[in-house]
Amino acid sequence: MKKILPPLHPRDPKEAHRAATQLELFFDLVSVIAIAALTASFHHALSEGHGLEKLPNFLLIFVSIWWVWMNYTWFSSAFDNGDATFRIFSFLIITGELIFTAGVPYVFKTLDFSFTLLGWIIMRLGMALLWLRAALASHRVKPVALRYLFGILLAQTLWTLLYFSIEPGTSLFLALACGIFALEFLVPIVAEQAGNTPWHRHHIVERYGLLHIIVLGEVLLSISFMFRGLFEDGMGVNTIIAALSALTIVFVIWWLYFIETAHLKSSKPSDQFIWSYIHVFLFVSTSILGAGFAGYLDFLQGHSHSSATTLMWYIHLSITCYLFTLWLIRDRFEPHSITRSVLLIASLFFATTPLWNSSLAITSMLMLLTLIIRAGCDQVPSPLLASTRLK
(Lines of atoms letter the chains of each structure in order from A and count residues from 1; the text may use other names and numbers.)
(Lines give C-alpha, C1' and ligand atoms only; values in the text may rest on other atoms or scores of the structure.)
Protein backbone atom coordinates (compact mmCIF):
# COMPACT_ATOMS: atom_id res chain seq x y z
CA MET A 1 0.00 0.00 0.00
CA LYS A 2 2.80 2.41 0.92
CA LYS A 3 4.39 1.93 -2.49
CA ILE A 4 1.14 2.86 -4.22
CA LEU A 5 0.17 5.61 -1.77
CA PRO A 6 3.21 7.27 -0.14
CA PRO A 7 2.75 8.08 3.58
CA LEU A 8 2.24 11.72 4.52
CA HIS A 9 4.24 12.53 7.63
CA PRO A 10 3.09 15.31 9.99
CA ARG A 11 4.80 18.68 9.95
CA ASP A 12 6.35 20.45 12.91
CA PRO A 13 3.62 22.58 14.58
CA LYS A 14 6.33 24.97 15.81
CA GLU A 15 8.03 25.36 12.43
CA ALA A 16 9.51 28.84 12.05
CA HIS A 17 8.34 31.23 9.32
CA ARG A 18 5.48 28.96 8.25
CA ALA A 19 3.33 30.71 5.64
CA ALA A 20 0.61 29.90 3.13
CA THR A 21 1.88 28.04 0.08
CA GLN A 22 1.25 28.80 -3.58
CA LEU A 23 -0.92 25.67 -3.75
CA GLU A 24 -3.09 26.89 -0.89
CA LEU A 25 -3.52 30.27 -2.56
CA PHE A 26 -4.38 28.45 -5.80
CA PHE A 27 -6.96 26.42 -3.87
CA ASP A 28 -8.44 29.66 -2.52
CA LEU A 29 -9.21 30.81 -6.07
CA VAL A 30 -11.93 28.18 -6.28
CA SER A 31 -13.44 29.50 -3.06
CA VAL A 32 -13.43 32.98 -4.62
CA ILE A 33 -15.41 31.73 -7.60
CA ALA A 34 -17.87 29.77 -5.46
CA ILE A 35 -18.52 32.59 -3.00
CA ALA A 36 -18.89 35.10 -5.85
CA ALA A 37 -21.49 32.92 -7.58
CA LEU A 38 -23.43 32.44 -4.36
CA THR A 39 -23.30 36.12 -3.35
CA ALA A 40 -24.52 37.15 -6.80
CA SER A 41 -27.43 34.71 -6.54
CA PHE A 42 -28.43 36.05 -3.13
CA HIS A 43 -28.13 39.63 -4.40
CA HIS A 44 -30.66 38.88 -7.14
CA ALA A 45 -32.95 37.22 -4.59
CA LEU A 46 -32.81 40.35 -2.42
CA SER A 47 -33.62 42.62 -5.34
CA GLU A 48 -36.53 40.39 -6.34
CA GLY A 49 -37.93 40.51 -2.82
CA HIS A 50 -37.16 36.86 -2.03
CA GLY A 51 -34.27 37.35 0.37
CA LEU A 52 -35.84 35.74 3.42
CA GLU A 53 -37.22 32.87 1.35
CA LYS A 54 -33.80 32.08 -0.15
CA LEU A 55 -31.77 32.68 3.01
CA PRO A 56 -31.78 28.97 4.04
CA ASN A 57 -30.53 28.03 0.56
CA PHE A 58 -27.77 30.63 0.85
CA LEU A 59 -26.68 29.40 4.27
CA LEU A 60 -26.67 25.73 3.26
CA ILE A 61 -24.52 26.36 0.18
CA PHE A 62 -22.17 28.80 1.94
CA VAL A 63 -21.53 26.33 4.75
CA SER A 64 -20.76 23.69 2.10
CA ILE A 65 -18.18 25.94 0.44
CA TRP A 66 -16.63 26.92 3.76
CA TRP A 67 -16.54 23.33 5.02
CA VAL A 68 -14.52 22.13 2.03
CA TRP A 69 -12.10 25.03 2.50
CA MET A 70 -11.78 24.39 6.24
CA ASN A 71 -11.18 20.65 5.89
CA TYR A 72 -8.42 21.19 3.36
CA THR A 73 -6.86 24.11 5.25
CA TRP A 74 -6.50 22.34 8.59
CA PHE A 75 -5.20 19.18 6.93
CA SER A 76 -2.64 21.17 4.94
CA SER A 77 -1.50 22.95 8.08
CA ALA A 78 -0.65 19.60 9.67
CA PHE A 79 0.52 17.46 6.74
CA ASP A 80 1.25 19.43 3.55
CA ASN A 81 4.68 18.34 2.31
CA GLY A 82 4.28 19.69 -1.22
CA ASP A 83 5.08 16.40 -2.97
CA ALA A 84 3.56 15.35 -6.29
CA THR A 85 0.91 13.10 -4.75
CA PHE A 86 -0.29 15.82 -2.39
CA ARG A 87 -0.56 18.23 -5.31
CA ILE A 88 -2.46 15.73 -7.45
CA PHE A 89 -4.97 15.01 -4.68
CA SER A 90 -5.32 18.77 -4.12
CA PHE A 91 -6.07 19.19 -7.82
CA LEU A 92 -8.68 16.45 -7.48
CA ILE A 93 -10.39 18.41 -4.69
CA ILE A 94 -10.18 21.61 -6.75
CA THR A 95 -11.80 19.81 -9.70
CA GLY A 96 -14.65 18.65 -7.49
CA GLU A 97 -15.19 22.10 -6.06
CA LEU A 98 -15.28 23.65 -9.53
CA ILE A 99 -17.96 21.16 -10.57
CA PHE A 100 -19.86 22.01 -7.39
CA THR A 101 -19.45 25.74 -8.05
CA ALA A 102 -20.81 25.43 -11.57
CA GLY A 103 -24.13 24.31 -10.12
CA VAL A 104 -24.36 26.92 -7.34
CA PRO A 105 -26.89 29.22 -9.11
CA TYR A 106 -29.16 26.26 -9.92
CA VAL A 107 -28.88 24.78 -6.43
CA PHE A 108 -29.61 28.19 -4.93
CA LYS A 109 -32.91 28.32 -6.82
CA THR A 110 -34.01 24.72 -6.37
CA LEU A 111 -31.85 22.99 -3.71
CA ASP A 112 -31.56 20.21 -6.29
CA PHE A 113 -28.04 18.82 -5.85
CA SER A 114 -28.21 16.53 -8.89
CA PHE A 115 -25.25 18.16 -10.64
CA THR A 116 -23.25 19.34 -7.65
CA LEU A 117 -23.39 15.92 -5.95
CA LEU A 118 -20.73 14.66 -8.36
CA GLY A 119 -18.44 17.53 -7.40
CA TRP A 120 -19.07 16.90 -3.70
CA ILE A 121 -18.18 13.20 -4.08
CA ILE A 122 -14.95 14.06 -5.91
CA MET A 123 -13.96 16.55 -3.19
CA ARG A 124 -14.60 14.06 -0.39
CA LEU A 125 -12.71 11.35 -2.27
CA GLY A 126 -9.68 13.64 -2.46
CA MET A 127 -9.84 14.40 1.28
CA ALA A 128 -10.30 10.72 2.13
CA LEU A 129 -7.18 9.81 0.13
CA LEU A 130 -5.19 12.51 1.91
CA TRP A 131 -6.24 11.20 5.32
CA LEU A 132 -5.38 7.67 4.21
CA ARG A 133 -1.86 8.88 3.38
CA ALA A 134 -1.62 10.45 6.84
CA ALA A 135 -2.81 7.20 8.46
CA LEU A 136 0.00 5.30 6.73
CA ALA A 137 2.66 7.68 8.03
CA SER A 138 3.00 6.88 11.73
CA HIS A 139 1.29 5.09 14.59
CA ARG A 140 0.94 8.39 16.47
CA VAL A 141 -1.41 10.01 13.95
CA LYS A 142 -3.00 6.82 12.61
CA PRO A 143 -5.96 6.72 15.07
CA VAL A 144 -6.82 10.37 14.37
CA ALA A 145 -6.43 10.01 10.62
CA LEU A 146 -8.60 6.89 10.47
CA ARG A 147 -11.37 8.62 12.42
CA TYR A 148 -11.30 11.49 9.94
CA LEU A 149 -11.24 9.04 7.03
CA PHE A 150 -14.22 6.97 8.17
CA GLY A 151 -16.12 10.06 9.29
CA ILE A 152 -15.79 11.63 5.84
CA LEU A 153 -16.86 8.41 4.10
CA LEU A 154 -19.85 7.99 6.44
CA ALA A 155 -21.01 11.55 5.88
CA GLN A 156 -20.62 11.21 2.12
CA THR A 157 -22.65 8.01 2.14
CA LEU A 158 -25.44 9.82 4.00
CA TRP A 159 -25.36 12.74 1.53
CA THR A 160 -25.73 10.32 -1.37
CA LEU A 161 -28.59 8.45 0.31
CA LEU A 162 -30.29 11.75 1.08
CA TYR A 163 -30.20 12.81 -2.55
CA PHE A 164 -31.63 9.54 -3.86
CA SER A 165 -34.31 9.12 -1.18
CA ILE A 166 -35.74 12.58 -0.37
CA GLU A 167 -37.15 15.15 -2.77
CA PRO A 168 -34.76 18.16 -2.89
CA GLY A 169 -36.00 21.45 -1.50
CA THR A 170 -38.57 20.00 0.89
CA SER A 171 -38.63 20.73 4.60
CA LEU A 172 -37.62 17.14 5.32
CA PHE A 173 -34.67 17.48 2.94
CA LEU A 174 -33.48 20.65 4.71
CA ALA A 175 -33.88 19.07 8.15
CA LEU A 176 -31.92 15.95 7.19
CA ALA A 177 -29.25 18.06 5.45
CA CYS A 178 -28.77 20.01 8.68
CA GLY A 179 -28.48 16.71 10.53
CA ILE A 180 -25.77 15.45 8.19
CA PHE A 181 -23.90 18.73 8.57
CA ALA A 182 -24.08 18.26 12.33
CA LEU A 183 -22.42 14.89 11.82
CA GLU A 184 -19.80 16.53 9.58
CA PHE A 185 -19.02 19.04 12.31
CA LEU A 186 -18.70 16.27 14.90
CA VAL A 187 -16.10 14.36 12.88
CA PRO A 188 -13.12 16.63 13.78
CA ILE A 189 -14.25 16.84 17.42
CA VAL A 190 -14.43 13.05 17.74
CA ALA A 191 -11.27 12.47 15.72
CA GLU A 192 -9.14 14.90 17.74
CA GLN A 193 -9.99 13.01 20.92
CA ALA A 194 -7.72 10.22 19.65
CA GLY A 195 -4.78 12.65 19.56
CA ASN A 196 -4.35 16.17 18.24
CA THR A 197 -3.22 16.75 14.67
CA PRO A 198 -0.05 18.89 14.55
CA TRP A 199 -1.54 22.00 12.95
CA HIS A 200 0.45 25.24 12.96
CA ARG A 201 -1.18 28.12 14.87
CA HIS A 202 0.33 31.04 12.94
CA HIS A 203 -0.35 29.29 9.64
CA ILE A 204 -4.01 28.71 10.52
CA VAL A 205 -4.48 32.32 11.65
CA GLU A 206 -2.99 33.51 8.36
CA ARG A 207 -5.19 31.18 6.31
CA TYR A 208 -8.37 32.40 8.01
CA GLY A 209 -7.28 35.99 7.50
CA LEU A 210 -6.75 35.31 3.80
CA LEU A 211 -10.23 33.82 3.42
CA HIS A 212 -11.62 36.86 5.19
CA ILE A 213 -9.90 39.08 2.63
CA ILE A 214 -11.35 36.94 -0.16
CA VAL A 215 -14.89 37.43 1.15
CA LEU A 216 -14.25 41.16 1.59
CA GLY A 217 -13.21 41.17 -2.05
CA GLU A 218 -16.74 40.13 -2.99
CA VAL A 219 -18.06 43.10 -1.01
CA LEU A 220 -15.66 45.42 -2.84
CA LEU A 221 -16.98 44.00 -6.11
CA SER A 222 -20.49 45.06 -5.12
CA ILE A 223 -19.23 48.55 -4.27
CA SER A 224 -17.44 48.80 -7.61
CA PHE A 225 -20.84 48.49 -9.30
CA MET A 226 -21.89 51.62 -7.42
CA PHE A 227 -18.96 53.55 -8.89
CA ARG A 228 -19.60 52.23 -12.40
CA GLY A 229 -22.06 55.06 -12.98
CA LEU A 230 -19.12 57.48 -13.09
CA PHE A 231 -18.17 56.00 -16.44
CA GLU A 232 -21.64 55.32 -17.82
CA ASP A 233 -24.72 57.54 -17.56
CA GLY A 234 -23.55 59.45 -14.53
CA MET A 235 -24.54 58.83 -10.95
CA GLY A 236 -26.67 60.77 -8.53
CA VAL A 237 -25.58 62.21 -5.23
CA ASN A 238 -27.37 59.44 -3.32
CA THR A 239 -25.41 56.77 -5.17
CA ILE A 240 -22.10 58.53 -4.53
CA ILE A 241 -22.90 58.80 -0.81
CA ALA A 242 -23.97 55.14 -0.71
CA ALA A 243 -20.78 54.00 -2.45
CA LEU A 244 -18.50 55.98 -0.15
CA SER A 245 -20.46 54.87 2.91
CA ALA A 246 -20.28 51.21 1.90
CA LEU A 247 -16.56 51.53 1.24
CA THR A 248 -16.05 53.08 4.68
CA ILE A 249 -17.87 50.15 6.28
CA VAL A 250 -15.61 47.67 4.47
CA PHE A 251 -12.49 49.57 5.53
CA VAL A 252 -13.68 49.47 9.14
CA ILE A 253 -14.46 45.75 8.94
CA TRP A 254 -10.98 45.01 7.58
CA TRP A 255 -9.32 47.17 10.23
CA LEU A 256 -11.31 45.68 13.11
CA TYR A 257 -10.35 42.14 12.11
CA PHE A 258 -6.66 42.83 11.61
CA ILE A 259 -6.24 45.30 14.47
CA GLU A 260 -5.14 42.29 16.50
CA THR A 261 -2.73 39.73 15.06
CA ALA A 262 -2.95 37.49 18.13
CA HIS A 263 -5.98 35.44 17.07
CA LEU A 264 -6.51 31.96 18.48
CA LYS A 265 -4.83 32.80 21.80
CA SER A 266 -6.40 30.05 23.88
CA SER A 267 -4.75 26.63 24.06
CA LYS A 268 -7.96 24.89 25.13
CA PRO A 269 -9.27 22.49 22.44
CA SER A 270 -12.83 23.69 23.06
CA ASP A 271 -11.84 27.33 22.44
CA GLN A 272 -9.91 26.30 19.34
CA PHE A 273 -12.95 24.54 17.90
CA ILE A 274 -15.12 27.55 18.72
CA TRP A 275 -12.63 29.85 16.97
CA SER A 276 -12.51 27.59 13.94
CA TYR A 277 -16.24 26.88 13.60
CA ILE A 278 -17.73 30.21 14.65
CA HIS A 279 -15.65 31.98 12.02
CA VAL A 280 -18.23 30.83 9.49
CA PHE A 281 -20.69 33.41 10.87
CA LEU A 282 -18.12 36.10 10.24
CA PHE A 283 -17.70 34.96 6.63
CA VAL A 284 -21.45 34.54 6.09
CA SER A 285 -22.29 37.97 7.47
CA THR A 286 -19.64 39.60 5.27
CA SER A 287 -21.00 37.87 2.18
CA ILE A 288 -24.58 38.90 3.00
CA LEU A 289 -23.30 42.45 3.51
CA GLY A 290 -21.96 42.43 -0.05
CA ALA A 291 -25.29 41.20 -1.39
CA GLY A 292 -27.04 43.87 0.67
CA PHE A 293 -24.89 46.63 -0.82
CA ALA A 294 -25.60 45.37 -4.34
CA GLY A 295 -29.32 45.21 -3.56
CA TYR A 296 -29.21 48.74 -2.16
CA LEU A 297 -27.70 49.94 -5.44
CA ASP A 298 -30.57 48.28 -7.31
CA PHE A 299 -32.98 50.16 -5.07
CA LEU A 300 -31.29 53.50 -5.80
CA GLN A 301 -31.53 52.74 -9.52
CA GLY A 302 -35.18 51.72 -9.26
CA HIS A 303 -34.54 48.06 -10.08
CA SER A 304 -35.42 46.49 -6.73
CA HIS A 305 -38.65 45.01 -5.41
CA SER A 306 -37.31 45.36 -1.86
CA SER A 307 -37.61 48.59 0.10
CA ALA A 308 -34.68 50.56 1.49
CA THR A 309 -35.80 49.60 4.98
CA THR A 310 -35.71 45.89 4.14
CA LEU A 311 -32.27 46.13 2.58
CA MET A 312 -30.95 48.11 5.53
CA TRP A 313 -32.18 45.35 7.83
CA TYR A 314 -29.94 42.88 5.97
CA ILE A 315 -27.00 45.31 6.12
CA HIS A 316 -27.41 46.12 9.81
CA LEU A 317 -28.00 42.55 10.91
CA SER A 318 -24.94 41.47 8.91
CA ILE A 319 -22.89 44.07 10.77
CA THR A 320 -24.41 42.91 14.06
CA CYS A 321 -23.50 39.30 13.34
CA TYR A 322 -19.99 40.28 12.24
CA LEU A 323 -19.20 42.35 15.33
CA PHE A 324 -20.66 39.79 17.73
CA THR A 325 -18.74 36.95 16.05
CA LEU A 326 -15.48 38.89 16.19
CA TRP A 327 -16.09 39.54 19.87
CA LEU A 328 -16.85 35.86 20.48
CA ILE A 329 -13.75 34.48 18.75
CA ARG A 330 -11.25 37.15 19.84
CA ASP A 331 -12.18 40.15 21.96
CA ARG A 332 -13.82 38.26 24.81
CA PHE A 333 -10.33 37.02 25.68
CA GLU A 334 -8.93 40.56 25.97
CA PRO A 335 -7.52 41.32 29.45
CA HIS A 336 -8.91 44.86 29.69
CA SER A 337 -12.64 45.15 30.36
CA ILE A 338 -13.26 48.13 28.04
CA THR A 339 -11.45 46.55 25.10
CA ARG A 340 -13.21 43.28 25.85
CA SER A 341 -16.68 44.84 25.69
CA VAL A 342 -16.56 47.37 22.81
CA LEU A 343 -17.57 45.02 19.99
CA LEU A 344 -20.20 43.29 22.12
CA ILE A 345 -21.87 46.61 22.95
CA ALA A 346 -21.57 47.76 19.34
CA SER A 347 -23.18 44.56 18.04
CA LEU A 348 -26.15 45.00 20.37
CA PHE A 349 -26.47 48.62 19.29
CA PHE A 350 -26.43 47.79 15.57
CA ALA A 351 -29.14 45.19 16.14
CA THR A 352 -31.50 48.05 16.99
CA THR A 353 -30.41 50.60 14.38
CA PRO A 354 -32.77 49.36 11.61
CA LEU A 355 -35.64 50.53 13.83
CA TRP A 356 -34.64 54.18 13.44
CA ASN A 357 -31.95 54.42 10.76
CA SER A 358 -32.32 53.79 7.01
CA SER A 359 -29.25 55.78 5.96
CA LEU A 360 -26.10 54.01 4.85
CA ALA A 361 -24.13 57.18 5.60
CA ILE A 362 -25.17 57.15 9.26
CA THR A 363 -24.31 53.46 9.47
CA SER A 364 -20.83 54.12 8.12
CA MET A 365 -20.26 56.89 10.67
CA LEU A 366 -21.36 54.59 13.49
CA MET A 367 -18.98 51.91 12.25
CA LEU A 368 -16.17 54.45 12.09
CA LEU A 369 -16.94 55.47 15.66
CA THR A 370 -16.79 51.82 16.72
CA LEU A 371 -13.34 51.50 15.18
CA ILE A 372 -12.08 54.67 16.84
CA ILE A 373 -13.25 53.50 20.27
CA ARG A 374 -11.88 49.96 19.79
CA ALA A 375 -8.50 51.17 18.52
CA GLY A 376 -8.34 53.89 21.15
CA CYS A 377 -8.97 51.45 23.98
CA ASP A 378 -6.16 49.26 22.74
CA GLN A 379 -3.96 52.25 21.87
CA VAL A 380 -3.19 50.68 18.52
CA PRO A 381 -3.47 53.16 15.63
CA SER A 382 -2.94 50.61 12.88
CA PRO A 383 -2.57 46.86 12.27
CA LEU A 384 1.07 47.42 11.28
CA LEU A 385 1.88 48.97 14.65
CA ALA A 386 -0.09 46.23 16.37
CA SER A 387 2.12 43.63 14.70
CA THR A 388 5.25 45.53 15.69
CA ARG A 389 4.07 45.78 19.29
CA LEU A 390 3.38 42.06 19.53
CA LYS A 391 6.82 41.25 18.23
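Even glycines carry a Cβ here, placed using N, Cα and C.
According to TrEMBL, the features are:
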type: TRANSMEM; residues: 21-43; note: transmembrane segment
type: TRANSMEM; residues: 55-74; note: transmembrane segment
type: TRANSMEM; residues: 86-107; note: transmembrane segment
type: TRANSMEM; residues: 113-132; note: transmembrane segment
type: TRANSMEM; residues: 144-166; note: transmembrane segment
type: TRANSMEM; residues: 172-190; note: transmembrane segment
type: TRANSMEM; residues: 210-231; note: transmembrane segment
type: TRANSMEM; residues: 237-259; note: transmembrane segment
type: TRANSMEM; residues: 280-299; note: transmembrane segment
type: TRANSMEM; residues: 311-329; note: transmembrane segment
type: TRANSMEM; residues: 341-373; note: transmembrane segment
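For the transmembrane segment (55-74), same-chain residues at least 6 beyond its ends with a Cβ under 8 Å from one of its own Cβ atoms are 24, 27-28, 31, 34-35, 38, 41-42, 45, 90, 93, 97, 100-101, 104, 107-109, 111, 120, 123, 127, 152, 174, 177, 181, 184, 188, 197, 199, 204, 207-208, 211, 276, 280, 283-284, 287-288.
Across the candidate stretches 21-43, 144-166, 237-259, 341-373, the maximum count of CB pairs under 8 A to the transmembrane segment (86-107) is reached by 21-43. Count of Cβ pairs under 8 Å against the transmembrane segment (21-43): among 144-166, 210-231, 341-373, the largest is for 210-231. With a threshold of 8 Å between CB atoms, the same-chain residues lying at least 6 positions outside the transmembrane segment (341-373) that come near it are 241-242, 244-246, 248-249, 252-253, 255-256, 296, 308-309, 312-313, 315-317, 319-324, 326-327, 331-332. A Cβ distance under 8 Å defines the sequence-distant neighbours of the transmembrane segment (144-166), meaning residues of its chain 6+ beyond its ends; these are 71, 113-114, 117, 120-121, 124, 127-128, 131-132, 134-135, 137, 172-173, 176-177, 180, 183-184, 186-188, 190-192, 194-197.
Counting only same-chain residues 6+ beyond the ends of the transmembrane segment (210-231), those with a CB under 8 A from a CB of the stretch are 20, 25, 28, 31-32, 35-36, 39, 43, 69, 73, 239, 242-243, 246-247, 250, 253-254, 257, 282-283, 286-287, 289-291, 293-294, 297. With a threshold of 8 Å between CB atoms, the same-chain residues lying at least 6 positions outside the transmembrane segment (311-329) that come near it are 46, 51, 249, 253, 256-257, 263, 274-275, 278-279, 281-282, 284-286, 288-289, 291-293, 295-296, 299, 304, 343-344, 346-348, 350-351, 353-354, 357-358, 360, 363, 367, 370.
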